[in-house]
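In what follows, a single structure is set out as structure tokens and then discussed.
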Amino acid sequence: MANFFSKVFGSRNQRLLNRLQPMVDKTNALEDSIRQLSDDALKAKTQEFRERLDKGEKLDALMPEAFAVVREAGKRVLGMRHFDVQLIGAAVLNQGKISEMRTGEGKTLVATLAAYLNALPGDGVHVVTVNDYLAKRDADWMGRLYGFLGLTTGVVVHGQNNEEKRAAYAADITYGTNNEFGFDYLRDNMAFRLQDRVQRGQAFAIVDEVDSILIDEARTPLIISGPTDDNPEVYRKMNTLVPQLKRQDDEEAEGHYFVDEKTKQIQLSEDGHAALEELFEKAGLLSEGSLYDASNIILMHHAMAALRAHACYHRDVEYIVRNGQVVIIDEFTGRMMPGRRWSDGLHQAVEAKEGVQIQQENQTLASITFQNYFRLYDKLSGMTGTADTEAFEFQQIYGLEVVVIPTNKPMVREDLPDQVFMTAAEKYDAIAQDIQDACDRGQPVLVGTASIETSEILSAELNRRKIKHEVLNAKQHEREADIVAQAGRPGVVTIATNMAGRGTDIVLGGNLDSELDALSPDAAEERKEAERNWRKRHEKVISAGGLFVVGSERHESRRIDNQLRGRSGRQGDPGRTRFYLSLDDNLMRIFTPPRLRGMLQGLGMEKGEAIEHRWVTRSIETAQRKVEAHNFDIRKNLLEYDNVANDQRRVVYDMRESLLGDESLSEMITQLREDVIEQLVRTYVPRGSAEELWRLDELQDVLAREYACEVNLQAWLDEDKSLSDEGMIKRILDLLDQEYRSKREQAGDESLDNFEKAIMLQVLDTLWREHLAAMDYLRKGIHLRGYAQKDPKQEYKREAFGMFTELLDRYKQEVVSIVSKVRIQQPEDIERVEQARREREMHFEHAEAESALSGGEAAPAPQPGQAAAPGAAPQQRVKVQRRPPPPAKPETFERQERKVGRNEPCPCGSGKKYKQCHGKLS
């Protein structure tokens, strides 16, 4: 029935495209008149559009004329004219949807139309790319077009200071990476002054490679963290102990632990628990009691990290060792991610395994997932070559509809059926033979691999056959641009680890622009000769069948496979693609039914023979759907848990916004004082209770200790027999208000306002940091509630709400306590509190969600000297210290009680040492 209606009325995608056709027709009708305008008249259109918007005209009404102006500017400045399908793609972006456009269809140029239109209101447009190279390239390249039309362009990359970032965000259109935008948002919400913030809101974003950023990286929260007390020796000891445990082949077999390869998690058997406890006892690690005593529970954390490091994470697959450091390999792109670190002690465990220097673990100061960051935007849109397979997730999580844009020229690429072999060795042999045949025809070949290990195996096989080739993986990333530029030449073979998302088209015949750039502009004859040679090579490659893309195995996501295929057949070019599989491949081994090998042998498969059968194809597709569903569940699960933290994050950030924006906080502090004192008195003097039940001595002690309020409540009652509990509250508040006014006269309004703001921000940040750690621990253990027939998510929401309510109460109490107890003698030195804040060490991490909230992936640390927003690709994990302003004289406090020693219990009654509690703030 659905097919019948689709044939009659067309698909929804086709109906959406049809609705945009009138806009395309209007834009085309304006082309001749816009072409007649002088450069100055064309530039003046921007101001005209802004004036029309101010008068109430809508963006959609401006769209045809604005697009016509950008199209003409593109011809004059870049020598490029926007195709009709690019106009449609841009209109989809303007609607806050995702444009799926094939590789080579000019997504970078499409973005200029939507970015220009949405920059006209002046709220700023963010164009999000996958790496700093593309951000800088596109900002420089497209910035010429924007500049011609009178718009400013900025780019945010790691290593910039606050002034540079602020200038970039102040531009009409700002390019940058997802990490950079996210970290800047978090840093802005840790600032102590409004002028220290760099962003100016989230109005409209265009996310390039939207599937990579919003799907692949959705499990990786952005985390800003600070150092913890951590002993590297524990990791080294664990590294010597866990190899003594025996791995189980399956959950029923003998052994100490079982590895779940789907989730990269470890499950200890009963024998494993006993063996681990015995190993710890022999090594002298158990302080007392059993392995599961509270004092020893951290050892299990380290042991599980060490087991995962040995059993689940392999050198040259998940990571490489370079310059004495463990560098993570991005599983989706094959790129190195220097500076990123796995969380939860996993990275330290891998460092211990590899014998390199172990770096410190960190605690979370601020974090946000990409799902919740990008949902902050008033309007969000995206572009990619492969989004349709994830359309359901885009709609459900982000409310984004995917619209497939037709290609400018018909697709003529030939996608050959998969070939399946019994063993990996047979598969590699077949790949090498087909590569040899393609080289003999003069056809360029791109071989996509899923790991560095596979790329090196294939490279060795080609070397054995004396087939010249280039290898593009994380180890050769420095030569990436040169390798890609030549990958389309006749007979050139390129082996690439997860080529998807590399951001550079492979041009048949080679990249002419890179050749011309290497020649002097004055060398006219040489440039003509280069163009003639390129045309010959281009024709030769086309006659040989275009680019031949070889997939050495299926990725766990169909979308990544489609991205690899999309490298061939761009802009109507010919091309061929084929995937080669074996039963030894991870996808086949882990996710396909065990009986598949027997089925293939039953079909009469012999050594070296490939099979193409619908049963096999169906099994592979089913396996991929299983993995995609599994990963979707992980991302959805993460979002459901993070939504709890997100609601709380918004409350805290709104509180900070209010604190930063208010010049004077005295009224707020007065209100806090009233709330705190009333709540305190009600604890010891219950409403409506008899005087005999009033605990006045305890109340007096707390008032004196916490709020520097020395009173004799019993004397008050003796003097005034009619004094009620309400009257008592009023008299206490009057005393505190009088003392507060005295301080304000003594220190001056401006100085005390600054001090109060610094204290309130610092208390809020400290409590929020502790709350994040508590939420982290709660999340890690909440699944155990399932054994008690309770819903873990509901339990998490309930307990998280209770913890957050407690945070708000503690915030009020601590602010009122500090403001009441502190006496300021030197108001000119009041900035010391803020200075101490600035000196805090911070790391910027991009940690796998299963680690940040349950157990493990990766996290970027900053470049040397980079205090802004690292996030992209620093060369090593470096502690970043913000430079404080010139030292100020210490603030003088007039103590009302004896000096508390740093290691004594804090007088507030928290049970912590003074140096770890209020000693931090005084």
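Heads up, the Cβ atoms here are built off N, Cα and C, so glycines get one too.
Look at TrEMBL and you will find Gln86, Gly104, Glu105, Gly106, Lys107, Thr108, Asp505 tagged as ATP binding site. Per TrEMBL, the feature compositional bias 'Low complexity' maps to 850-878. The compositional bias 'Basic and acidic residues' annotation in TrEMBL covers 891-902. The feature compositional bias 'Basic residues' is assigned by TrEMBL to 912-922. Residues or ranges marked as domain 'SecA family profile' by TrEMBL: 2-612. Annotation source TrEMBL lists domain 'Helicase ATP-binding' at 88-246. According to TrEMBL, the domain 'Helicase C-terminal' annotation covers 434-628. What TrEMBL lists as region 'Disordered' is 845-922.
All features noted in TrEMBL, drawn onto the structure.
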{"residue": "Gln86", "record": "ATP binding site", "Cβ neighbours (10 Å)": "27"}
{"residue": "Gly104", "record": "ATP binding site", "Cβ neighbours (10 Å)": "21"}
{"residue": "Glu105", "record": "ATP binding site", "Cβ neighbours (10 Å)": "24"}
{"residue": "Gly106", "record": "ATP binding site", "Cβ neighbours (10 Å)": "18"}
{"residue": "Lys107", "record": "ATP binding site", "Cβ neighbours (10 Å)": "23"}
{"residue": "Thr108", "record": "ATP binding site", "Cβ neighbours (10 Å)": "17"}
{"residue": "Asp505", "record": "ATP binding site", "Cβ neighbours (10 Å)": "16"}
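Under DSSP, Gly104 (ATP binding site) is assigned to coil, being neither helix nor strand in the three-state scheme. Within 8 Å of the centroid of the Cβ atoms of Gln86, Gly104, Glu105, Gly106, Lys107, Thr108, Asp505, where the record puts ATP, the same chain has further Cβ atoms from Met101, Thr103, Leu109, Val110. A coil conformation is recorded for Asp505 (ATP binding site) in the three-state DSSP classification, outside any helix or strand. For the domain 'SecA family profile' (2-612), the model's average pLDDT works out to 86.
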